[in-house]
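Data first, discussion second: the structure below is written as structure tokens.
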Amino acid sequence: MHRIAIYSIGKKDEKCYEAIYEDLIKNSKKFALIETKNVFNKKINAAQSDAQKAMKAYSDTFKPFILSDGFNIALDPEGKCLDSFAFANLLKEHTKLAFFIGGAYGLERSFVQSCDMALSLSPLTMSHKIAKMVLLEQLFRGLSIIHNHPYHK
């Protein structure tokens, strides 16, 4: 059974997104325990007018969630792009994972480099809410590929 945590910068998700997230997590339940956590604090709020300060605040907030006994993946536009089969292979190799989705300014280079991998979901820019949705869908698809579930045809 996979254990997957997804951390993203932000306050509570809107209901329209939350319903989709919950559906994808529910579909993945037989293969993985997936937890999502939005993080937002005073330091992040105070730093929003300065990109460098904001990225530092995101990194400082995420650091306690880095897994010492798992595989840490930073979502980053300069990260590696994988197709669904390569992503499934990544899931096959690692059963305990943490994904980090930055805020509006992305993540500090030093934080990205401290992770085991930088992953790009697409060359397109997308909001962290859409990125989380795409990630959850690809997690379900990858787990379906591994377990020969008919979702991925």
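Residue numbers in this text run from 1 along the chain shown.
Just so it is clear, glycine is given a Cβ too, placed from its N, Cα and C backbone atoms.
Small disclaimer: the values here were computed from a predicted structure and weren't measured.
Per Swiss-Prot, the S-adenosyl-L-methionine site holds LEU75, LEU121, SER122, PRO123, LEU124, THR125, MET126; the candidate it also names there, chosen from GLY10, GLY102, is GLY102. Cβ neighbour count for THR125 (S-adenosyl-L-methionine binding site) (all protein chains, 10 Å cutoff from its Cβ): 9.
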